[in-house]
Amino acid sequence: PGNTGRKAEEGGKTLLRGQKLKLKRELGLLRAVSLVIGTMIGSGIFISPQYIVQEVRSPGASLVIWAVGGLVALLAALSFAELGTIIRESGGEFIYVLRIYGKLPAFFVAFTFLVVVKPMGGAASSLSFAKYVLAPLYPECPPPDVPLKCTAVVVLLLVAIVNILSVHLSMSIQVFFVVAKLVGLLVIVFGGFVTLANGHVGSLQNAFEGTVLGVSDIGIALYQGLWCYAGWYNLNYVTEELKRPEVNLPRALLIAIPTVTVLYLLVNVSYLTAMTPRELMSSTAVAVTWGNKVLGSWGWLMSIAAALSAFGSLNGSFFSGGRLCFVAAREGHMKSISPDILAMAHVHRLTPLPALTFKTVLALVVLIPGDFESIINYFSFTAWFFYGITVSGLLYLKIKKPEMRGSYKTPIFVPILVIIAAVFLVLAPIIDQPKIEYLYVTLFILSGSIIYVPFIHYKLCPGFLDKVTMFLQLFLEVAPADKNL
């Protein structure tokens, strides 16, 4: 296993006969920063501002939520950076929990992220892309459900094809879309400065009037804010494809996340100078409403900027999220689907084709019934529980195994603060305003034990799956891939 016996070419590299098949290290610092910024700046900054103001009821409090969200994302990313320099394997939280806590907790991480978190994130990004692409065609009302979801399906399939074809192509597209979305956000920031210079302070006057500080309100508002920072963890999924990860992993995060946080705050200030809280809360596409008010006849450019931003974020999340499925299968945690197929890579293109295909199918399934707001809430509820578990593993290593040191080290208060934030984000909406949907999600995750016991613990495998694997391996031209450590 791991030998292709053939030649494979990817980006000018050739895999010789008998050479082990591995994913290549093609991400330098620029591409690493582009991956993080590109996945963080997606649809959220163009949509979530209205939901945050709806929860906390004042512009000033919404800006505080944005700042706190950026701080939490930075602290969590720094914790993951230290874990990534200790455990230099791809797979993010799954591989960290596996190495620290063992197979059972790691399986629930893989099951949750592969079946719940990643598909919901992909579905939400594709819906956002569709909403902004169709917004100019439906200026007076939200786009109808059928064209909205058909457009989302098309973009999901397009992104999947790009990531299957080539790592180089996917990352080149990522860099291009990062530049495009930064230009779009800087236009909004500049428009805000011009509006302020003309003496229009808009909603910033009496900014904290009417603030609501309920525990659940703050929790849901943080969910919406942190959705916009989702992507801070993506570099840890592709550690084995990162050049000099001991240096570039923490460095890329320290460049990307503060940059995004400052941009988000400035963009929201611009929104608030041009729109009243009522206008912002009633808008179905905040950036488009802002564009119509500030840019006039050029307001349609905001629809294009938002759509490009959502596409770039979706592309980056597909690139990294496919590696989670690939690594989980490589560690034997996908036996219920196929013994080995999801742990294989294309022998010519050196991309995890089966894992990317599996991720695409799940995202399409989630897309059919979902709506944007509920997707974000359930995404955050499940994700932050396991982010907290993962960071607690770093705290365990710091206290119990201080000899396990990486090239990057965070102060001990950093993981402690992240764990406190994760506990609050999980419990706040449940305690203050419990909803039956959270119970359903929890029971669904626990149902993964039905898969774990026979297929992972006892390693049962129906015989026909071996035949399916062999057929797919030949049909897809894939082979088992070794770790690239």
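The backbone N, Cα and C atoms fix where each Cβ goes, glycine too.
Straight from TrEMBL, the features:
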| type | residues | note |
| --- | --- | --- |
| TRANSMEM | 29-52 | transmembrane segment |
| TRANSMEM | 64-83 | transmembrane segment |
| TRANSMEM | 104-126 | transmembrane segment |
| TRANSMEM | 146-166 | transmembrane segment |
| TRANSMEM | 178-199 | transmembrane segment |
| TRANSMEM | 253-274 | transmembrane segment |
| TRANSMEM | 300-329 | transmembrane segment |
| TRANSMEM | 350-369 | transmembrane segment |
| TRANSMEM | 375-399 | transmembrane segment |
| TRANSMEM | 411-431 | transmembrane segment |
| TRANSMEM | 437-458 | transmembrane segment |
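Of the candidate ranges 178-199, 253-274, 375-399, 411-431, 253-274 contributes the most Cβ pairs within a distance under 8 Å of the transmembrane segment (29-52).
Same-chain residues lying 6 or more positions outside the transmembrane segment (253-274) and placing a CB less than 8 Å from one of its CB atoms are 33, 36-37, 40-41, 45, 49, 59, 62-63, 66-67, 70-71, 73-74, 77-78, 80-81, 182, 185, 188-189, 191-193, 195-196, 200-204, 207, 228-229, 232, 235, 280, 286, 290, 293-294. Tertiary neighbourhood of the transmembrane segment (146-166): same-chain residues 10-11, 122-123, 126-127, 129-131, 133-134, 173, 311, 314-315, 318-319, 322, 346, 349, 351, 353, 356-357, 359-360, 363-364, 367-368, selected by CB-CB distance under 8 Å and a gap of 6+ residues from either end. Highest Cβ contact count with the transmembrane segment (350-369) among the listed stretches 64-83, 104-126, 178-199, 375-399 falls to 104-126 (criterion: pairs under 8 Å). Through the fold, the transmembrane segment (178-199) approaches residues 34, 37-38, 41, 45, 263, 266-267, 269-271, 273-274, 287, 290, 294-295, 301-302, 304-306, 308-309, 312 of its own chain, all at least 6 residues removed from its boundaries and within a Cβ separation under 8 Å. Counting Cβ pairs under 8 Å that are 6 or more residues apart, the transmembrane segment (64-83) and the transmembrane segment (437-458) reach fewer than 3 and are not in contact.
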